[in-house]
Amino acid sequence: MSPETSYRHRRSVERSEFIRTWRTVIDWVVALYLLIPGLLIAGQQYLSWWEYPPPWFANIPPGLFFLGFYLFVKSSHLRLRIREADQLFLVQKRSWMRGLIRCAMIDKGAKELWVVGLFMVGVSPLLIHEYHLSTFLMIALFIYGWLTRMSIALGRNMIFTRMTGWRQHINAFIYLLISGMGFVVVGVVGLRNPLLLGIAFIAMLGMLCLQIKQRLDQWGTFLQDCKLDQILRFKWIGLLLGISGVQPSTPLGWVRKNPWVFPQSGFFFPQKTGMDILTGNVLKALLRNRQRMIEYGQFMGFGMVALGKSPVWLGWCVWVVSAILLTLWGRLFWVAVQKNPFFATWIVDTPIFYRGYTRVLFCIQFLGFLPLSIFFGAFRYGWIGAFILPMVGAGVGWFVASTVTAAKPLAVPIKQARKEMTH
C-alpha cells in the first residue's frame, strides 16, 4: 500500500462518518420542509440579484467587502489525517509520512478550489453590478483568495504544532492580524491597480512554496499533529450534533490542568473555612467551563444591548430583571454542580450549605451584574453613575440572592452524596 492509497482510504472512511452524522441531523422531514424550500428560496433570491441589484449593495465599500472576504479566507485549516496508531509503524518511515503530508496538501488545494469558487459565485452580483469588475479581475480575485487560504492554513498548522501555551495564541493572533491587514489593503488597492495584484501573486506563491517545503521538512511534531487532526476531525461533527440538540455531557466540577482563569482562590478566600472552600470550588467550576462562560457572556451581551436601547425608566426595569435572571441562572448552575459526587466533601453542616449557597449565587450574579451596572451608569449618568451604580448594584444583588435562597430552598445532599461515594 502506498501513502496515496492510505490517504484515500482514510478520507473515504471519514466521508462515510460525516454522511452518517448528516443523516442523524437531516431526515426526510427536515429535508422536505426546511432544507429544500430554503434552497429554493435562496436560489430565487440569488437570481433576483442578477436582474435587480438590491439597494444595500451601494452600502458595501470595497474595504468592508475585503474584510468579509478575509473572515471567510482565514477559516481555512490543514488536515493531515494522521492517527495515533501511525506512531507504531509509519513514524519511523519518513518517506511515508512525507507522502501522507504531500497528499493532504494536494487534497487541500483541490478542495479550496471549489470552496473559493462557490464564494466567488455567491458574491458575483455585488462584484459585477456594484464594483463593475471585469472577467480578468474576477479570476484574479479567485486566485488571490485561493493562495491566501492555502497560505493561512499552512501557517496556522505550523504555529499550532511548533508552539504551545500563550506563545501559540499570541503568534496566531499576530499572524492573522498582519495577514488580514495586508489582505484588505492589497485587495482594495489592487482593484484600481491590477499590477499590484500581480506582484502580490508572485510574493504569495513564493511564500506558499516556502511554507510547503518547511512543512514537509518539519519533524518531531507527531503528537501535536494528531491532536490538531482530532480537533478538526470532530469540529463539524460536533457542530451538527449541537444543531440537532445532542450535547456531550461534561462534568461541571472538572478542573483542567494549569488553568489560566482563577488559578488559586487563596487571595479571595484566605481563611479556608468550609464555606470558603465550597464557594471557591463552585466558582472555579464555572470560570473554567468554556461552554457555561460562553452562555454567560451571551446573556451579558444581550443585557447591554437592552440597557443601551431602552428608555431610562425601562432601563431601570431591565437592570433589576437582569439581577434576578443572573441569580436564577446561578441557581441552575449550583443544582448542576451539586450532582457531583465530591460535592459533599466541601460541606461540613447544613448552615455552611445555605450560607455558601447564598454567597455563590451572589458571586455568580455579580460577576455579570457589575459590568452591566458600570455600563448602565456610565451610559445614562456619566462617570458618576459608573461609580455609584455598582455600589447600589451590590446591595441589590445581595438582596436578590438572599431572597432567592429563602424563597427557593434546596435540600442538603450531604448524606445521599456520601452514601454514593462509599458505594
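Positions of Cβ are set from backbone N, Cα and C atoms, glycine also.
Automatic prediction, not curation, is the source of TrEMBL annotations.
Annotation source TrEMBL lists transmembrane segment at 21-43 (among others).
Annotated transmembrane segment per TrEMBL: 55-73 (among others), in sequence order.
Annotation source TrEMBL lists transmembrane segment at 112-128 (among others). Under 8 Å from some Cβ of the transmembrane segment (112-128) lie the Cβ atoms of residues 46, 49-50, 53, 57, 60, 65, 69, 72, 76, 138, 141-142, 145-146, 149-150, 153, all in the same chain and six or more residues away from its ends.
The transmembrane segment annotation in TrEMBL covers 134-152 (among others). Remote same-chain residues near the transmembrane segment (134-152) are listed as 69-70, 72-74, 76, 108-109, 112-113, 115-117, 119-120, 124, 127-128, 176, 179, 183, 186-187, 190-191, 194, 197, 200-201, 204-205, 207-208, 211 (criterion: CB distance under 8 Å, separation of at least six residues from the stretch ends).
For 172-189 (among others), the entry in TrEMBL reads transmembrane segment.
The transmembrane segment feature in TrEMBL is assigned to 195-213 (among others).
TrEMBL lists 234-255 (among others) with the feature transmembrane segment.
What TrEMBL lists as transmembrane segment is 313-337 (among others). Listed as Cβ neighbours of the transmembrane segment (313-337) (distance under 8 Å, sequence separation of 6 or more from its ends, same chain) are residues 252-253, 282, 285-286, 292, 296, 299, 303, 306-307, 343, 357, 360-365, 368-369, 372-373, 376, 380, 393, 396-397, 400-401, 404, 408, 410.
Same-chain residues lying 6 or more positions outside the transmembrane segment (357-376) and placing a CB less than 8 Å from one of its CB atoms are 275, 278-279, 282-283, 286, 296, 299-300, 303-304, 307-308, 315, 319, 322-323, 326-327, 329-331, 333-334, 385-386, 389-390, 392-394, 397-398, 400-402, 404-405, 410. Residues or ranges marked as transmembrane segment in TrEMBL: 357-376 (among others).
What TrEMBL records for 382-401 (among others) is transmembrane segment.
Across the candidate stretches 21-43, 55-73, 195-213, 382-401, the maximum count of CB pairs under 8 A to the transmembrane segment (172-189) is reached by 55-73.
Sequence-distant contacts of the transmembrane segment (382-401) (same chain, six or more residues past either end, CB-CB distance under 8 Å): 319-320, 323-324, 327, 330, 358-359, 361-362, 365-366, 369-370, 372-374, 376.
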